[in-house]
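According to Swiss-Prot, the protein carries these features:
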SIGNAL    1-21  signal peptide
BINDING   Ser126, His127, Tyr280, Arg297, Tyr361  substrate binding site
ACT_SITE  His127  active site, proton donor/acceptor
BINDING   Asp189, Asp199, Lys201  Ca(2+) 1 binding site
SITE      Arg236  site 'Neutralizes the sugar carboxylate group at subsite +1'
BINDING   Asp300, Asp303, Tyr305  Ca(2+) 2 binding site
Amino acid sequence: MKCLKTLLVSTTLLTAFSLNAEVTLEQQVKITEEGLHFDGRNLDFSNVGTPDTGEKYDYFFGPNISAHGDAVKTYRHYVFMTWYKGGKNERNVMLSRYNTLNGELSTIEFPHKHTGFRGDPLVGESHNTIGLSVSPINGTIHMVFDMHAYDNNNHGGKFKDDFFRYSFSVAGAAELPHSEFTLDKFVKDTSEVSQGDDDYKHLTMTGDLDDKGNFARLTYPKFFTTVDGTLLLYMRLGGNNNGAYVFNRYDAETESWSTFTKFNENNQKLKGNQYNWGLYGNMKYVNGKLRVGFQQRSNDNSDKYKYQNGVYYAYSDHPDGFGDWKNHKGEPMTWPLINSDEIKVFEPGDYISHTEANSVYIVGSFDWTVTEKGDIHIISKVRSTDRGRADYEEVYIHSYKPAGAEEFIISTDFPGASEIYTSGDNVYIVGLEGGRPYVEKAQGGTNNFIRVYEASDGPVFDHGTLYIKDGKVYYYLMERTSGTAMPLYLQIIDLDLESDANAPIVSFPSPSVTVNQGYEKLSLNISAESPVEGRSIQSVSLYIDDELVRTDDSLPFLFGHGSKPHETGALGWLDRHEPNPSPLSAGRHVFKAVAVDSEGDSSTATMILNVNSNAPIVSFPQESLEVDEGFERLSLNISAESAVEGRTIESVSLYIDGGLVRTDTSLPYLFGHASKPHETGAMGWLDTHSPNPSPLAAGSYEFTAVATDNEGEETTASMLLVVKGEPEPPIVTWPNSTVTVYEGYEKLAITIDAETPVEGRDIQSVTLFRNGELVRVDTRPVWNFGHSFAPYEFGAMGWLDRHEPNPSPLGVGTHTFTAVARDSAGLESETDMALIVLSLPGPSVMINEGDISLLTEYQNLAITAEASAADDDISLVSLALYIDEQLIREIYEPPFIWGSDAYSTELLSLTEGTHLVRVVATDSNNKQSESSIFINIDLLGDLNKDSIVDKADTRLFTSKLRAGEIMDIRYDFNGDGVVNNRDTRGLVRRCTYSRCSSN
C-alpha cells in the first residue's frame with residue numbers, strides 16, 4: 001500500500017491557502033496479462049484497405065480499446081471490468097470481477113470477437129468500447145459493446161441484424177460464488193436473428209425485434225445509476241457533425257429496457273435550424289440529475305473552427321431525464337433540443353485571436369462535472385490549428401459556476417487536464433504523469449487545484465479509465481509494454497473524504513453582488529464556523545482576483561468596514577475616508593474567503609462582484625462583417641452614449657488595424673459616408689467618387705471605435721472586417737437537380753461531376769449525404785453512387801438477383817442528397833439534389849357513361865367502366881359500384897358492367913332525386929382510385945319540376961304538344977307509338993292528388 005500525505009501551497013494563492021489531504025492507494029491487482037492493444041499503424045481512408053496481415057495490429061482512430069470507455073463499475077464489494085482479449089487473433093469480449101474483500105478474481109470469456117473497423121478484423125477500432133453496468137436492485141449485469149454507428153445497410157451490409165450488441169445476465173449473477181460466475185449465467189439470443197447456440201448478443205434491449213430501428217447507428221455506450229438504483233444508458237446517434245444523444249431506462253422490477261429517447265434532434269436543419277450539428281462531450285448522471293455537456297461540431301466548414309466550437313450545458317429536473325430540461329440558468333429549453341444556442345455557456349474560440357477559416361482547433365481536453373452542492377466545472381482547450389505558425393496560440397480554460405452563482409467564471413489560469421471528476425464537494429483531476437497515477441484536488445466552486453497524490457514507483461502505465469464511487473477511485477489501467485496483448489491492472493485509491501467532512505463551513509452573504517463603478521461602500525460579513533465540536537476558526541483570509549487582501553483572526557470576520565473602507569474596492573463613504581486611489585475597475589471580480597480552523601483544516605468560498613462601468617457605451621452595427629474584395633461601399637454608423645446621467649460624448653475615433661482614420665465630434669458618428677467613401681477601405685459608389693487608390697485587399701482587419709465622454713473616460717469597441725478574395729473551390733454538379741421516382745423503385749444510380757478550376761489541384765473526395773446523414777466517402781473517380789455494389793445508397797430496393805430487398809427504402813416525400821467535393825487544397829463545395837419519392841398511383845378507372853337523367857318507372861339502366869393498373873407489376877383486384885355510398889356489387893374481372901344480363905334489375909330501384917354513382921378500383925397494393933357520375937331521376941309527368949303531378953302539368957303537357965315540342969316516348973301512355981293529345985288522360989291518371997282535373 002502506498003500513502004502520500006502532502007501539504008501543498010497553491011501558486012494562485014501564494015502562501016495563504018493550504019489543503020491537508022491523506023490520499024492512499026488501498027489496493028493494486030493485476031487483472032490479466034492479455035488485454036488487447038493495437039500496436040500497428042494509425043490508418044486513414046487512403047490506406048485502410050491495405051492493413052498489416054502479420055503480427056502488427058493496425059488501427060483506425062486510436063490504439064486503445066481495453067481499459068477504455070465505460071469499462072469499470074462497482075457492485076457492493078465487487079469491482080467489474082470489461083476488456084478485449086489479446087492478441088490480434090483472439091479479440092474476445094471479456095468480463096472480470098474482483099472481490100475486494102478476499103482478492104478473488106473471476107473472469108468470463110464471451111464468444112464474440114472485436115469485429116474491427118467497419119467489419120475488417122485486421123483493423124482495430126478504438127471507438128468500439130464496452131459499456132458496463134450492474135443493477136443495484138436485482139444484481140443483473142449489462143454490457144453494450146463493439147459498435148460504431150452501424151445499421152443493417154452501411155459498410156456493405158456487414159452488420160445486418162448484428163449492428164447493436166447487448167448482453168445481460170440473469171438476476172443475482174453479479175454476486176454468485178466464484179465457481180458459479182460463468183458464461184451460462186448470461187442469456188442467449190434465441191430470436192429469429194440469432195447467430196447460433198453460442199450467441200449472447202441481442203439486437204435490441206427491449207427484446208422486441210420490431211424496435212430494432214431504435215437501436216441503429218449508435219456509438220459510445222455509457223451507463224449510469226440514479227439515486228434510486230435505476231439504470232440509464234446513453235449513446236450517440238448518428239455522425240460527427242449531425243448527431244444526437246439518446247438514452248433509455250432499465251426497469252429492474254420487470255427486467256426490461258425502454259427504447260431510446262433523444263436529448264436532441266439530429267438532422268436539425270430539417271427542423272428549422274440553420275445548420276446540422278453533432279456533439280462531442282458527455283451525458284452524465286451526477287449530483288442526482290441527468291446532465292449534458294458538450295462541444296458542438298457543425299457542418300459549416302467555412303467558419304474559423306476546424307472542428308468543434310462552443311461549450312454547451314443542460315440538466316433535467318426529471319428523475320430519469322424524460323423531460324424538464326433546462327440550461328445552466330434554470331431556464332427551460334426546447335426538448336428534444338434543436339438550436340444548441342439555447343444552452344450555450346461561452347465560446348472558447350474567443351480566447352485566441354485567429355479569425356481565418358479553420359484556424360481554431362478545439363478538440364480534446366474537454367470534460368465537465370458537478371459537485372454534490374451544485375458547483376459546475378467545465379474544462380476545455382483551444383489552440384491554433386497549425387502548430388507551425390509563428391503566432392501559435394494555446395489556451396487551457398477552466399470555466400466554473402459556484403453553487404448559487406448566476407454566471408460562470410472563465411479562468412485561463414489553468415494548467416490543463418483531459419478529464420475532471422467529482423466526489424463529495426470536491427473536484428478532482430486524475431491522470432498519468434510519467435506513466436504513473438496522480439490526483440489533484442480543488443474545493444468545488446474554486447480553481448485552486450493542488451496535487452494530493454502521486455505514485456513514484458510501481459508499473460508504468462500506458463492509459464486508463466476510472467470510476468469514482470463513495471470517495472474511492474477505481475482506476476483501471478493498461479501497463480505500457482509491447483505487442484497486441486498487454487497487462488491490465490486495477491488500482492483502488494481512497495480520496496479521504498472523511499477529513500473533508502471536518503473542514504470549516506465558510507460563506508459570503510450572497511454568491512454574487514452587482515455595483516456601479518465608483519461604488520462608495522461594500523462591507524462583507526463572512527460567516528465561518530467548524531462542524532467539529534471543540535474546534536474553532538483561527539482565521540479568515542479574503543482574496544480579490546487571487547490577491548490577498550487581509551487575514552482576519554477574530555469575530556466578526558468583517559471586511560470593508562468603516563476603518564478599512566478600501567479593502568473591498570470601494571471609494572469610501574465617510575467624510576474621514578480619503579478617496580480610494582485604486583478602486584476596483586469595471587468588470588467581474590472573484591472574491592474568495594479562506595477559513596482555517598484550529599486543526600489547520602481549511603475551506604474556501606467564492607463570491608462574484610460585477611462592477612458596472614461608467615465609461616461610454618460604444619458599439620458597431622455588428623461585431624463582424626464579411627465583404628468581397630473590391631467592395632464599393634461600407635458606411636458604419638457607430639453608436640455611442642454615456643452610461644452616466646449628465647455626461648455627454650465628446651468624440652468617436654475610428655482606427656483600422658491601429659491606424660487612426662478620423663475623429664468625429666458630432667452626431668451621427670458616421671464613417672464611410674458619401675463625402676468620405678474611401679475611409680473604410682471601399683472603392684466608392686457614386687459617379688462623383690474616384691476609385692480608391694488604396695482599397696482594403698483580401699484579409700482580416702480590426703476596426704476599433706474609441707468613444708470619449710466629457711469626463712475624459714474612454715471605451716473601445718471592435719469589429720472584424722473580413723475582405724474575401726475570390727476563392728476557387730471545386731465545382732460539383734448533379735446531372736439533375738430534381739429526380740422524381742415512385743416508392744419501391746428498384747434502381748437509382750447517379751454519377752456526380754466534380755472538377756477543380758485551378759490547375760495543379762485535383763479532387764480528393766466526393767462525399768454523399770442523405771438528409772444530412774453520411775452515406776459514403778468516395779476517394780477515387782468516377783464519383784458513382786447507387787451502383788450495383790451499393791444499390792441502396794439512393795434508397796432503391798435493388799435490382800439484381802444478388803440484391804436483398806432494401807430493408808430501409810426511402811419513404812414518400814422529398815429527400816435531400818448533398819454531394820460535397822473536396823480538393824487537394826482542402827477547399828470544399830457542395831450541391832443538393834432533391835429526390836422526390838411519390839406514392840405509387842392507384843389504378844386508373846373511368847365510368848364510360850356521362851351523367852344520366854331518367855324518369856321514374858324507367859325500365860333499363862346499365863353502367864359500364866374501364867380500369868387498368870398503374871404498373872405491369874401491379875394487378876387489378878376489383879371494381880366496386882356504389883350508389884349513394886351503398887355497395888351495389890363488386891366485380892373481380894372484366895367486363896365491368898352493372899345492370900345487364902343476370903343483374904339487369906340491380907339498378908332499377910332508384911327513386912326520384914339525384915344519386916351519386918361511384919366506381920372504386922382496387923389494385924394489388926391496396927391502392928384505390930374512383931370515378932363518379934350523377935344519375936338524376938325525375939318524377940314522370942312532373943313537367944314543371946315542382947315534385948308533384950297536377951293540373952299545371954297537364955296544361956303544360958298540352959301546351960308543349962301544341963308547340964310541337966318533342967316529348968319523351970314514355971309519355972305515350974296509350975301505346976300507339978306517338979305522343980299526342982290522346983295521351984293526356986294517361987298523364988291525368990298519374991296525378992299526385994285525386995281529382996287532378998279539378999285542381
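Any Cβ shown, glycine's included, is placed from N, Cα and C.
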According to DSSP, does Asp199 (Ca(2+) 1 binding site) fall in a helix, a strand, or coil?
coil
Taking the binding-site residues one at a time (Tyr280, Tyr361), which has its Cβ surrounded by the most other Cβ atoms within 10 Å?
Tyr361
Asp189 (Ca(2+) 1 binding site) CB neighbourhood, other CB atoms within 10 A:
19
For Ca(2+) 1, what surrounds Asp189, Asp199, Lys201 with a Cβ no more than 8 Å from their Cβ centroid?
Ser167, Lys188, Ser194, Gln195, Gly196, Tyr200, His202, Leu203
At the level of the C-alpha atoms, what whole-angstrom distance separates Asp189 (Ca(2+) 1 binding site) and Arg236 (site 'Neutralizes the sugar carboxylate group at subsite +1')?
24
Let me check the 10 A CB neighbour count of Lys201 (Ca(2+) 1 binding site). How many other CB atoms are there?
22
Starting from each candidate's C-beta and looking 10 angstroms out, tell me which of the binding-site residues His127, Arg297 has the most other C-beta atoms.
Arg297
For Ser126 (substrate binding site), identify the closest of the binding-site residues Asp199, Asp300, Asp303, judging by Cα separation.
Asp199
Pairwise Cα distance for Asp300 (Ca(2+) 2 binding site)/Tyr361 (substrate binding site) [Å, integer]:
14
Of the recorded positions His127, Lys201, Arg236, Tyr280, which one has its Cα closest to the Cα of Asp303 (Ca(2+) 2 binding site)?
Tyr280
Enumerate same-chain residues with a sequence separation of six or more from Asp199 (Ca(2+) 1 binding site) and a Cβ-Cβ distance below 8 A; give 'none' if the list is empty.
Pro111, Lys188, Asp189
If you measure from the C-alpha of Tyr305 (Ca(2+) 2 binding site), which of the recorded positions His127, Lys201, Arg236, Tyr280 fall inside 10 Å?
none
Quick one: what's DSSP say for Asp300 (Ca(2+) 2 binding site), helix, strand or coil?
coil
Measuring Cα to Cα, how far is Arg297 (substrate binding site) from Arg236 (site 'Neutralizes the sugar carboxylate group at subsite +1') in Å?
13
Enumerate same-chain residues with a sequence separation of six or more from Arg236 (site 'Neutralizes the sugar carboxylate group at subsite +1') and a Cβ-Cβ distance below 8 A; give 'none' if the list is empty.
Ala149, Leu218, Thr219, Tyr220, Gly243, Ala244, Tyr245, Val246, Gly278, Leu279
Rounded Cα-Cα span from Lys201 (Ca(2+) 1 binding site) to Tyr280 (substrate binding site), Å:
28
